[in-house]
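Visitor: Before anything else, here's the structure in question.
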Amino acid sequence: MPSFDEVLKEAGEFGRFQKRVFFLLSQTGITFSSLFASVVFLGRAPGSFWCRIPGAAELSDRCGWTLEEERNFTVLPLLLGNESVRGECERLAVTWDTSGGCGSPLARYGNHSPPLAPCHGDWVYERPHSSIVSEYDLVCGNAWMLDLSQAILSLGFLAGAFILGYAADRYGRILTYLLSCLGVGICGIIVAFSPNFTVFMIFRFLQAMFSKGTWMTCYVIVTEIVGSDQRIVGIVIQIFFTLGIIILPGIAYLIPTWQGIQLAISLPNFLFLLYYWVVPESPRWLLTRNKGEKALKIMRNIAKHNGKFLSPHYTEITVSNQEVSNPSFLDLVRTPQMRRNTLILMYAWFTSALIYQGLVMRLGITGGNLYLDFFISAAVELPAALIIIVTIDRIGRRLPFAVSNIVASIACLITAFLPEDIPWLKTTVATLGRLCITIAFEVVYLVNSELYPTTLRNFGVSLCSSLCDLGGIIAPFLLFRLAAIWLDLPLIIFSILGAVCGFLVLLLPETKGISLPETLEDVEQL
């Protein structure tokens with residue numbers, strides 16, 4: 001009875017069929033990364049805005065004032081009498097008499113400035129529908145709610161890692177993928193037309209949850225249908241993640257409203273439903289569910305598309321004699337090797353996400369052209385995949401994994417102590433740190449999938465990567481809270497975390513050229 005890897009080698013380890021599936025599923029990375037980074041443009045500053053005095057809208061309509069004229073009557077007197085305020089979060093504590101004339105209602109105060117009052121929900125925006133900030137009044141005392149929207153997105157990713165990671169191992173890869181694509185599209189539309197911020201947050205959470213299901217599941221499918229020498233596709237697929245981030249500023253530049261941007265990154269997920277007819281279930285997963293006949297049928301189809309033929313005497317494929325069971329967290333820590341791998345990988349995911357997002361946000365503080373700066377910072381990530389492709393099959397996974405973390409750690413430390421009067425050098429070294437942590441981020445995807453058996457692979461990758469989402473939740477709070485104490489203090493924390501991770505990953509087994517483990521026993525023998 002042949003093993004799966006023997007049958008795969010005969011059918012073609014990376015033939016025309018696998019290349020087609022790889023290309024189709026890789027498109028998921030573009031939509032996932034666009035959602036991942038969308039808050040930069042969905043929540044961009046809405047331009048100038050000010051607080052209306054009660055009655056100003058009615059008087060403005062009756063007198064035919066332009067917004068500029070209304071602003072002159074409401075904000076300028078405030079600025080003249082109070083140099084420390086800007087008219088955005090405070091207003092004059094008066095109510096305009098709409099029954100009077102069209103002259104300035106503040107004239108009766110003469111040279112005396114009326115008292116101030118905080119603004120509560122009556123803001124006027126220069127660009128009222130350009131972002132969720134102006135749509136839902138996320139300014140002044142409500143500004144923290146923009147950060148909350150990104151935290152909710154990360155919480156959705158976290159929930160998706162657990163719920164849909166389990167579903168993919170329990171009910172199948174392709175079924176989970178297709179349902180997740182449907183969920184992303186539907187929730188994305190509801191987010192775009194949310195009547196209030198509460199509905200926006202609920203369905204943004206759900207969209208993130210389903211989006212994580214599409215990304216993790218497509219990654220696992222790709223790595224499970226290719227041979228051990230071709231698993232570098234797990235790195236190549238992440239180039240599409242970077243492409244999504246590179247494309248995003250172009251979409252935002254061409255589409256002036258946040259609803260349009262939201263729809264542009266959500267609607268393509270409906271096209272992925274067409275994969276039902278061209279992307280099969282993972283034969284490795286079918287074998288773990290004792291569905292050998294279906295797996296063999298798919299393998300014959302793969303061989304046919306690759307221009308090869310399976311031996312006619314193949315009637316069954318085997319993975320092992322291990323009884324199939326539903327995955328659980330205890331399976332990931334029950335045996336010594338699995339326990340060590342799981343704990344190290346969870347820490348590596350957490351560290352990579354925390355440092356990566358921290359450095360991205362830190363580069364964004366420099367200001368300038370939002371679209372150009374975002375494009376350049378995203379393009380920095382492209383060499384990461386190329387470096388991995390060149391090195392990983394020559395010197396293995398473990399050494400590049402460790403070195404990238406350690407170099408990122410050193411770069412963060414150097415950046416923290418460089419003088420402020422040479423900002424170009426600080427930015428250059430910090431960018432080197434981002435390149436290295438991007439390499440570490442991409443390697444952990446590959447190594448994680450290679451260190452778990454088929455019965456636990458999707459669940460294990462999803463669970464460990466959930467620490468990535470935890471790092472994403474913590475990153476903005478860690479960055480801005482510590483930066484308030486000392487601007488470069490977050491870099492010291494990033495340096496310590498990266499150095500520890502670099503040494504810990506050296507304890508992981510090398511998986512270069514080794515077949516994917518099928519059982520827990522295979523993992524213990526690595």
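Using the three backbone atoms N, Cα and C, a Cβ is placed for every residue, glycine included.
Annotated domain 'Major facilitator superfamily (MFS) profile' per TrEMBL: 74-513, in sequence order. According to TrEMBL, the feature transmembrane segment maps to 21-42, 148-167, 174-193, 199-222, 234-255, 261-279, 344-365, 371-392, 399-418, 424-447, 459-479, 485-508.
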Visitor: Among 148-167, 371-392, 399-418, 459-479, 485-508, which stretch has the most Cβ pairs under 8 Å to the transmembrane segment (174-193)?
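Guide: So the stretch in question is 148-167.
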Visitor: Does the structure show the transmembrane segment (459-479) and the transmembrane segment (21-42) touching, where I'm treating 3 or more Cβ pairs under 8 angstroms (sequence separation 6 or more) as a contact?
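Guide: As far as Cβ distances go (cut-off 8 Å, pairs 6 or more apart), the transmembrane segment (459-479) and the transmembrane segment (21-42) do not touch.
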Visitor: Which sequence-distant residues neighbour the transmembrane segment (261-279)? Criterion: at least 6 residues beyond either end, Cβ under 8 Å.
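Guide: Cβ under 8 Å, 6 or more out: 20-21, 24-25, 27-28, 30-31, 34-35, 38, 41-42, 174, 177-178, 181-182, 184-185, 187-189, 191-192, 207, 214, 221, 248, 251-252, 255.
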Visitor: Residues sitting near the transmembrane segment (399-418): Cβ under 8 Å, six or more positions beyond its termini, same chain?
Guide: 348, 351-352, 355, 359, 387-388, 391-392, 425-426, 429-430, 432-434, 436-437, 439-440, 443-444, 447, 488-489, 491-492, 494-499, 501-503, 505-506, 508
Visitor: Can you work out the mean pLDDT of the predicted model over the domain 'Major facilitator superfamily (MFS) profile' (74-513)?
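Guide: Computed over the domain 'Major facilitator superfamily (MFS) profile' (74-513), the mean pLDDT is 82 on the 0 to 100 scale.
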Visitor: If I count Cβ-Cβ pairs under 8 A between the transmembrane segment (199-222) and each of 234-255, 371-392, 424-447, 485-508, which range comes out on top?
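Guide: Answer is 234-255, with the largest number of Cβ pairs below 8 Å.
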Visitor: Please indicate, using numbers and ranges, the residues of the same chain that are 6 or more beyond the transmembrane segment (485-508) and have a C-beta under 8 Å from a C-beta there.
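Guide: For the transmembrane segment (485-508), the sequence-distant neighbours (Cβ-Cβ under 8 Å, at least 6 residues beyond its ends) are 340-341, 344-345, 347-348, 351-352, 354-355, 358-359, 362, 398, 401-406, 408-410, 412-413, 415-417, 430, 433, 437, 440, 447, 451, 478-479.
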Visitor: Mind pulling out the one from 148-167, 234-255, 424-447 with the most Cβ pairs under 8 angstroms to the transmembrane segment (371-392)?
Guide: 234-255
Visitor: Residues of the same chain, at least six outside the transmembrane segment (148-167), with any C-beta under 8 angstroms of its C-beta?
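Guide: Distant contacts of the transmembrane segment (148-167): 35-36, 39, 43, 132, 176, 180, 200-201, 204-213, 216-217, 327, 458-459, 461-463, 465-466, 468-470, 472-473, 476.
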